[in-house]
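Take a look at the structure set out below.
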């Protein structure tokens, strides 16, 4: 993967985490009550720590569990920045 793609993915991930407001990341991620897909991060609500949700890379994946490809990911394919499959460990 090209360095530009790494930067863009890291940048969007940081934006997602900074936009959490009222949420924290579940640690360890294996303790999450739900299964986040495609590299999504599990977060909990400060008001209700038992409520878990997935935080996706903005525009790259979307859906309540990051299960759908976002519009930005498709553009990365169009420009040849990302290969057709990007393996993520779960």
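Note that Cβ sites are derived from N, Cα and C of the backbone, with glycine treated the same way.
TrEMBL lists 32-42 with the feature disulfide bond. Sequence-distant contacts of residue 42 (disulfide bond), defined as residues of its own chain at least six apart whose C-beta falls under 8 angstroms from its C-beta, comprise 25, 26, 29, 32, 33, 34, 36, 52, 53, 54, 55.
The feature domain 'EGF-like' is assigned by TrEMBL to 28-67.
Annotation source TrEMBL lists signal peptide at 1-19.
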_the domain 'EGF-like' (28-67), counted residue by residue under DSSP: helix, strand, coil_ = 3 helix, 11 strand, 26 coil
